[in-house]
Structure formats: C-alpha cells, structure tokens
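Peer 1: Please find one structure pasted underneath; my questions will follow.
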C-alpha cells in the first residue's frame, strides 16, 4: 500500500471535490469495457455492450460507474486504511464474482485518463502522481482478499 503524504491527500481531496461522479464514473467504466473488452464478461446483465457507442450510452454502465466512483469517494476519506475500507468489496469481487484483480489496476488507470481529459491543464504531473499512487493503492486493497 502506498504511503500518502499530506500533500498527496490534499491534492487528491482537492481534485475529488470537483469531480462529477456521475459523468466521470460512467465514462471510466465505459472506457474500461471498450478498451479492455474481456472485462465485459462480468457485466452480462447490463444488456447491449456490442459497440463503443452502445457501451458509452448504456444506462446500466453509467449507473454502475457512478456506484464505483461513489465508493472511491468514500475511500478518499480513509486513505490510511484502504485495505479495511475495501475489505467487503474485496471479498465480494474475489469470492463471489471472481474478478481478475488485474482489472482493478486497469480501471484505476482508465480513471486517471478520464480525470486528465476532464481537468486538462489542472491535471498536472504532480496531480497525476498523487492520483496514480491512490488508484494503485486502491487496486492493491481490492486485491487483498485474493490468494
């Protein structure tokens, strides 16, 4: 797990306060499903995922993306205990859903890309470094249940 400096925490929290969770969440999950199509197998119940436009316009993708980012927002308040914060989600994704833990890393990287697109020049290399540290730590926390 990454150690977060006070500067990291301030940088992450500051940008998070400006994130539109619904838009960024839907775009992040949508892009994951388009760029890494093998991840679609976990979302059979979401209906039409046959093309990029179908995925990006799918209301279930948008809703789940918002749910994912809402969960991430809660974790931002507990950066020093991400493993504890994500213990139940790790168990669910490992034991019940059998999600490949590599997918958490991919999703984090897609989120960083989406934030860069949304925030442009405000998403400086320093901001990116703090966010990359955070999504890496979250992916590690979500993978903690895996053996």
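Cβ atoms are placed via backbone N, Cα and C, with glycine included.
Pulled the feature table from Swiss-Prot, pasting it below:
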MOD_RES   2  N-acetylglycine
DOMAIN    3-147  domain 'Globin'
MOD_RES   13  phosphothreonine
MOD_RES   45  phosphoserine
MOD_RES   51  phosphoserine
MOD_RES   53  phosphoserine
MOD_RES   60  N6-acetyllysine
BINDING   64, 93  heme b binding site
MOD_RES   83  N6-acetyllysine
MOD_RES   94  S-nitrosocysteine
MOD_RES   140  phosphoserine
Peer 1: Let me make sure I understand the structure: which of the modified residues listed (13, 45, 51, 140) has the fewest other Cβ atoms within 10 A of its Cβ?
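Peer 2: It is 45 that, of the modified residues 13, 45, 51, 140, has the fewest other Cβ atoms within 10 Å.
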Peer 1: Out of 13, 45, 51, point to the one nearest residue 60 (N6-acetyllysine) in space (Cα versus Cα); all of them are modified residues in the record.
Peer 2: 45
Peer 1: Over all shown protein chains, what is the count of other CB atoms within 10 A of the CB belonging to residue 64 (heme b binding site)?
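Peer 2: The answer is 17.
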Peer 1: For residue 53 (phosphoserine), just count the other CB atoms lying within 10 A of its CB, please.
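Peer 2: Excluding its own Cβ, the number within 10 Å is 11.
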Peer 1: Could you count the residues of the domain 'Globin' (3-147) that DSSP puts in helix, in strand and in coil?
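Peer 2: Counting residues per DSSP class in the domain 'Globin' (3-147), I get 116 helix, 0 strand, 29 coil.
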Peer 1: Could you check which of the modified residues (45, 53, 140) sits closest to the residue listed as 'phosphothreonine', going Cα to Cα?
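Peer 2: Sorting the modified residues by distance from the residue listed as 'phosphothreonine', the top entry is 140.
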Peer 1: Taking only the Cα atoms, work out how far residue 51 (phosphoserine) lies from residue 64 (heme b binding site), in Å, as a whole number.
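Peer 2: Rounded to a whole number, the Cα-Cα distance is 18 Å.
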